[in-house]
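This report concerns only the one structure given below.
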Amino acid sequence: MRVVLGVSGASGAALAPAVARHLAALGAEIDLVISKAGERTLVEEIGPEAPEALRGLATRVHGIMNVGAAIASGSSPVAGMIVAPCSMRSLAAIAHGLDDNLLTRAASVQLKERRRLVLLVRESPLTLAHLRNMTAVTEMGAIVAPPVPAFYLKPDSVQAIVEQIAARAVDLMGLGRPQAKAWG
Ligand SMILES: Cc1cc2nc3c(=O)[nH]c(=O)nc-3n(C[C@H](O)[C@H](O)[C@H](O)COP(=O)(O)O)c2cc1C
């Protein structure tokens, strides 16, 4: 079981290691690709050690411009991909088939192979371009899952919110027993 984890430069960098931990708990192999802006948000929001710590959770680490990596091809046997967090720039590239780096190329591959693609898109407020791009990727089969808190679970910390969102994202991949807390 192999899953691509893409990390782009939206706020919510803590979602990336949380998703990686939940994937690892399921026994999934992680193919990690981080955009340049994703590296920056990891450093800005978590700390200078964050990119390296995240790479330590992955099975394979790919350079963002390495469009010749195995995950750039549909022949690579991966179950799907989660982009956590997903910036509006990466969303736009995916929505328009603009495979300009390995993250957007790998996302495109999941769509063309009709595999699961979960995008934790983060921006607020949203422009019409953002909304149209979300519609476009949904029409192509992706799941748009904005990282919004499950207020009904009464989370007592930001970390609890992050863990729940990450667990839900992994559950949406449909790989194993659900990990997210359920209502009731
Ligand atoms: C600290 C920080 C926070 C950012 N937050 C967001 C955000 O929440 N959503 C977003 O779409 N872009 C955000 N950006 C801007 C993106 O990083 C920028 O558009 C970048 O070009 C995205 O590139 P990528 O999609 O290749 O990662 C943020 C940038 C920084 C430095």
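Backbone N, Cα and C define each Cβ position, glycine as well.
TrEMBL annotations: computationally assigned, not manually curated.
As recorded in TrEMBL, the features of this protein are as follows:
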type	residues	note
BINDING	G9, A10, S11, S35, S87, M88, R89, S90, R122	FMN binding site
BINDING	Y152, R168	dimethylallyl phosphate binding site
DOMAIN	1-167	domain 'Flavoprotein'
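Every protein chain shown contributes to the tally, and the Cβ of R168 (dimethylallyl phosphate binding site) ends up with 20 other Cβ atoms within 10 Å. Sequence-distant neighbours of G9 (FMN binding site) (same chain, 6+ residues apart, CB-CB distance under 8 A): S35, K36, A37, G38, R40, T41, S87, R89, S90. Ligand 1 lies under 6 Å from the Cβ of the following binding-site residues, listed in sequence order from G9, S87, Y152, R168: G9, S87.
DSSP assigns R89 (FMN binding site) to a helix in the three-state reduction.
Spanning the residues G9, A10, S11, S35, S87, M88, R89, S90, R122 that the record associates with binding FMN, the maximal Cα-Cα distance equals 15 Å. The binding-site residues under consideration are S11, S87. Their Cβ neighbour counts within 10 Å are lowest for S11. Spacing of Y152 (dimethylallyl phosphate binding site) relative to S11 (FMN binding site) is 23 Å (Cα to Cα, whole number). Taking the Cα atom of each, R122 (FMN binding site) and R168 (dimethylallyl phosphate binding site) are about 15 angstrom apart. Counting every protein chain shown, the Cβ of R122 (FMN binding site) has 20 other Cβ atoms within 10 Å. Computed over the domain 'Flavoprotein' (1-167), the whole-number mean pLDDT of the model equals 98.
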